[in-house]
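For reference, the structure discussed in these notes is given below.
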Amino acid sequence: MVKIGVLGLQGAVREHVKSVEASGAEAVVVKRIEQLEEIDGLILPGGESTTMRRLIDKYDFMEPLRTFAKSGKPMFGTCAGMILLAKTLIGYDEAHIGAMDITVERNAFGRQKDSFEAALSIKGVGEDFVGVFIRAPYVVNVADDVEVLSTHGDRMVAVRQGPFLAASFHPELTDDHRVTAYFVEMVKEAKMKKVV
């Protein structure tokens with residue numbers, strides 16, 4: 001069984017754990033740097049990206065997270081997690097982890113009061129997935145090797161680049177675990193490649 005970490009500094013940690021377990025993988029709440037060595041994949045949950053960055057810096061997680069990304073182990077960022085994975089952020093000079101060659105705009109759908117749900121078609125996942133958007137970012141631009149998995153209107157809301165997956169919405173806030181299951185499969189495939 002693959003072991004998937006959920007960065008436990010802030011955000012919808014419990015909900016991600018539940019979704020990972022429902023998808024047939026072991027879930028670990030990651031609160032210490034050394035735990036990164038014990039997991040096969042990592043979820044960066046939604047939350048408030050500025051607060052999350054402060055906590056990542058406070059607990060010296062940034063370089064270990066970048067090292068984890070460079071190791072090729074899969075990472076999945078939802079909402080604020082997408083912001084952490086992006087190489088370019090509109091209106092900001094520097095990236096956070098910067099593992100994905102995507103440009104992201106924060107709070108692109110508006111503030112909290114403008115939160116909404118939308119039925120999405122997601123490549124590799126299926127139709128009618130209810131995306132919960134809360135002060136959501138979206139992807140403005142992608143490199144050629146980034147696969148766009150889903151759009152809402154003309155905005156890219158789910159993308160994949162090799163071992164990295166990012167979504168504007170919160171898949172963990174529904175009882176539909178298909179997006180998490182997709183990530184679990186990515187982790188299984190990556191682990192199998194390492195064994196071979």
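Note: Cβ is positioned from N, Cα and C throughout, glycine not excepted.
Here Swiss-Prot has GLY47, GLU48, SER49, ILE134, ARG135 binding L-glutamine, and the candidate from ARG14, ARG106, ARG178 in that same listed site is ARG106. Taking the Cβ of ARG135 (L-glutamine binding site) as centre and 10 Å as the limit, one finds 19 other Cβ atoms among all the protein chains shown. The active-site residues near GLU48 (L-glutamine binding site), taking a 10 angstroms Cα-Cα threshold over the set CYS79, HIS170, GLU172, are CYS79. Within 10 Å of the Cα of HIS170 (active site, charge relay system), the following recorded positions from the list SER49, CYS79, ARG106, ILE134 place their own Cα: CYS79, ILE134. For the recorded positions GLU48, GLU172, the largest tally of other C-beta atoms within 10 A is found at GLU172.
Of the listed recorded positions, namely CYS79, ILE134, the sparsest CB environment within 10 A is found at ILE134.
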